[in-house]
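Trainee: Once you've had a glance at the structure underneath, I'll fire off some questions.
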């Protein structure tokens, strides 16, 4: 176990809003952050102590960065595995390259989950359109073609509703590393943020219910509006995942919940803090961001009890123009990520409401 | 009224822990901060977008700074008034130089307060030890000699218990700008953090009760353990002060509370966020830091309702070595200011506990 006391320097790969909120949480605990990010004007650099603006493949810059920090983490999962493997030779990195390999690849991820008895959609890896046609006979229609790597917010996906959709869908993905997944009709999507410390302690946040708009998260509400015993079941699955991965840090597990006697199927896991846990900043004693910092630094994990039901709304693109109404709402906790341009689909901020008097939505 | 929308740049004079927490609050709302501070390795620079490390008397650097930001504020009151006056020619500065002049000088401050009918200790300005001896005949013993300017945490003060103490007390202050204050026996010290917006709206936080150790704040508990109508009276005084000053931002008012039918006397005012309001980060929807940012940027003021009774403990000097116990306490919100050296008397961090189920200490 490698403990980094407050005052140490946390290296962070990536500079988006997740990195920004991690840096703010780290600062409260007295950590310095050093962001490594190739992007100009990234949201995290505005609040960090140091910045290295270099490519993830610049080995000399990575080694120098690794030597300048006490521990490294990352705020998105599309960091090259080789980057993390190189850094691990110089400094502890959490989550590990092993975990990153699994979560970067939809095929490995599903193999891992099914290997430990956790249900997912049916799936098959395919390398050619002919293989896809054969696999679809088993999986059936509708199905979803997904690139194995680098997909997010609905990107890298194409639905195949009938055999004649296949050629166009295949061509749209521009990749030969494809996985076909059976289409799961679901009643609800939920997510669980699970944290595991270096000492193996696990603490989970209450499951959140997630509502999407245009394939992007629009609302998260916690606790998810399912029976308490089902919430406990989802948490138990998330605990198994982080334990089996020997994970350190916060990890998000997305589930589809289907049927009257609900079945949970894991849609995907993300080895990082997650948009569907932003409400934890105000709704819990310890936020997902502070919890991640605590975990990677070897501190005791914090309390994740929900103060009351909570709702988080993403501000996407021009939604940010409504900021004045949120700033006027005394119950709204307004967050702005410091981005200048509000492109369509761009996550510009979020708002959280907490209702401490209501423990759940049933009250 | 000059509104600076989120995304604007806030210039901040000073780089201590108050500046650090202001910068963190500003970041949540999407503001960039540009710290102007002569000190090496100041706590605020670790979390700000830009830093100018220059003297407060470097006019060229100040003008350049003023042109690079949209609004200026400060995190401590010992900024030279001339610095603020120069900046005001280029950019809005809140609180104004006029306010700073009053609060920097114990004599002007007491004249102002008494001028609007607010009670303070009896006082007299003196320039020589002979004048002091004469003034002491009226004020009586014990009394306190204080430098008119640049005192904090008990520095620049000397108690005179009897006439024979005067010569030593006078010599210890090494100044000829002295105010003699009558010594007020008090049962409690409380403070009120009051915020006033550019539009004149005023919102106050609940009065906090402050307990000192070695002349430095040790504990603040809110609400102060006095009757609700007395808390309302203290808030009313604070409201009058910010209204009369035409103040913009957060201002702290410290009171002595004396007697069985309690009398409030204002000890001092500080034109800034204040150590005795740190609990507002977790105990209120809007913290004193966010409230100050909202006020100076022309945003609507936020909700200051207390979630429940709260307690804040300062971690002074070696107190910070106990950090592990606070990190293990699930109810403790631990804050570390990122300072490397724990000198005796140095404020290294603080811890806040909130008890949402108890609205006041009487429950």
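The backbone N, Cα and C atoms fix where each Cβ goes, glycine too.
In case it helps, TrEMBL gives these features for our protein:
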BINDING   A:106, A:146, A:151-157, A:181-184, A:189, A:212, A:267-268  ATP binding site
DOMAIN    A:110-297  domain 'ATP-grasp'
Trainee: In the three-state scheme derived from DSSP, which category covers residue A:267 (ATP binding site)?
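Mentor: Once the DSSP labels are grouped into three classes, residue A:267 (ATP binding site) ends up as strand.
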Trainee: What number of additional C-beta atoms lies within 10 angstroms of the C-beta atom of residue A:181 (ATP binding site)?
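Mentor: Summing over all protein chains shown, residue A:181 (ATP binding site) has 19 other Cβ atoms within 10 Å.
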Trainee: On the 0 to 100 pLDDT scale, where does the domain 'ATP-grasp' (A:110-297) sit on average?
Mentor: 95
Trainee: Tell me which of the binding-site residues A:106, A:155 sits in the most Cβ-dense spot, judged by other Cβ atoms within 10 Å.
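Mentor: Top count of Cβ atoms within 10 Å goes to A:106.
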Trainee: At a 10 Å cut-off from the C-beta of residue A:267 (ATP binding site), count the other C-beta atoms across all protein chains.
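Mentor: 17, counting other Cβ atoms within 10 Å of residue A:267 (ATP binding site).
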Trainee: Tell me the coarse DSSP state (helix, strand, coil) of residue A:184 (ATP binding site).
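Mentor: DSSP assigns residue A:184 (ATP binding site) to coil.
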